Amino acid sequence: MRQLLKLEQGLIDSLDRYIKLHEQKIEFLQRQRDSFRNELKEGLKHDVEYTSNPMSAFLLVNRLVTDWERIRVFMEMDVGVKLQNSTEMPTAEDVVGVAEGLARLQEMYQLETKDLASGKLLDRKIGRQLKTAECYEIGNKLTIATNYRYAVSWLREALRLWTRESPGISKVEIMNALSYALSHLGEYEEALELTNKVLKLQPDNQRALSSKDPLEKWVEYKKEYGLPPPVPDANYKNYPSLCRGDYQRSPKEIAKLRCRYEHNRTPFLRIAPLKLEELNHDPFIVVYHEVLHDKEIKMVLDIAKPLLHRSMVGDDVTKKVSKTRTSNNGWLDDVMHPIVRTITRRTEDMTDLAMSAAEQLQVGNYGVGGHYLPHHDYAVPEEGKEVYPAVGKGNRIATVMYYLSDVAIGGATVFPELGVGIFPRKGSAIFWYNLHANGTIDSRTLHGACPVFVGSKWVANKWIHEYGQEFRRPCQIDQKV
């Protein structure tokens with residue numbers, strides 16, 4: 001019986017240890033909850049500004065993917081309560097995607113990592129100072145995306161911010177990650193220097209030990225043979241400067257451009273003329289102002305939002321998520337709602353082109369860093385093959401793009417070959433011809449959607465094809481144009 005008393009004492013001691021461990025877990029969960037609650041409170045208070053801020057967007061997605069998953073595992077280990085989420089959680093790929101969007105913004109708008117980490121955006125305070133571990137996470141995700149240039153930038157910032165009190169990350173981890181990213185940029189000397197520093201701090205660090213010998217060999221190779229030439233910049237002509245609003249056309253180029261009321265095209269326009277602003281004469285590019293009202297835009301967005309999905313490239317068999325076009329889009333047919341039919345009729349009034357050859361209305365949304373690299377809307381016909389066979393109405397003769405929202409910063413539509421750029425203005429629409437009057441392609445209509453810096457960009461595209469336009473836009477006397 002005395003042994004049983006000792007047994008019960010052991011059980012009580014075990015229970016005491018369990019309760020103490022349980023209390024520690026509860027304290028930890030309470031601290032995490034308070035931290036998350038403070039972040040959420042700030043986000044809900046200014047939801048548009050918070051979610052359109054690329055730094056806050058990364059932290060939000062990273063919290064949901066990394067921090068909340070750690071909490072879920074922690075709770076399921078012992079507490080016996082499972083977290084229930086009412087919506088689909090973001091994935092690890094989503095976190096990498098947000099980091100890529102952030103790097104895209106840095107490159108396009110020439111943003112300093114130090115400023116972003118301190119919560120500054122174009123001399124405006126938009127958030128708090130990032131922690132060391134958060135900068136490391138951004139750098140780590142950019143390494144996964146093979147964007148080593150900006151991975152190095154963020155890992156350097158993490159190393160600069162690191163102190164012994166920095167929670168969640170060690171100096172050795174940052175140095176190892178930075179060494180790896182530098183080696184992919186050909187900076188083998190600095191990468192080796194960092195690796196040697198790691199080995200001084202931790203002589204048995206396996207990652208550093210495995211990296212040391214290859215780095216030494218690469219340093220010798222670089223001394224003897226040098227490095228291959230850098231990959232050329234993929235940006236098109238004036239694309240970055242147009243996106244930033246830096247590029248200005250000469251007075252001679254804009255001297256003949258006019259603003260006017262368009263009222264001669266259709267009978268309806270005689271009583272409701274359109275406000276037209278000329279952007280370019282050859283090729284013809286204009287903006288129609290105030291062609292959609294807020295109520296109409298709200299109706300379109302209410303219909304489109306449930307239909308949105310990530311932009312894809314490829315045919316029906318090999319479709320995959322596009323990195324040249326980072327947006328969500330959905331298609332609206334005229335039969336779906338009267339407002340869609342109204343926009344189709346309005347498009348005909350604006351363009352004087354037959355809508356029998358038009359595609360459905362495509363509604364698209366560009367979020368953090370969302371962009372569409374310079375491209376043409378027409379297709380280049382192959383010998384003996386029809387362009388856009390699914391439509392069956394020839395090539396895209398013209399494009400109309402409606403702006404369904406304002407964008408705080410960024411999101412311009414630019415034409416690099418022409419030096420033309422326009423920033424979104426809610427309710428306006430831009431119209432241009434993709435083809436010459438004789439039906440041949442006009443390569444000067446290369447255009448792109450600049451990355452959204454702050455805000456969310458909503459657009460609706462109407463692509464109009466050739467067939468049925470013979471008398472609407474006839475060939476000119478000079479058949480070469």
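Keep in mind that glycine also has a Cβ here, set from the backbone N, Cα and C atoms.
Feature annotation (TrEMBL): of 12-39, 320-347, the stretch labelled coiled coil is 12-39. The domain 'Fe2OG dioxygenase' (357-466): residue composition by secondary structure is 4 helix, 49 strand, 57 coil, according to DSSP. Through the fold, the repeat 'TPR' (172-205) approaches residues 132, 136, 139-140, 143, 146, 148-149, 151-152, 155-156, 158-159, 162, 211-212, 215-216, 218-219, 222, 227 of its own chain, all at least 6 residues removed from its boundaries and within a Cβ separation under 8 Å. DSSP labels the residues of the repeat 'TPR' (172-205) in these numbers: 27 helix, 0 strand, 7 coil.
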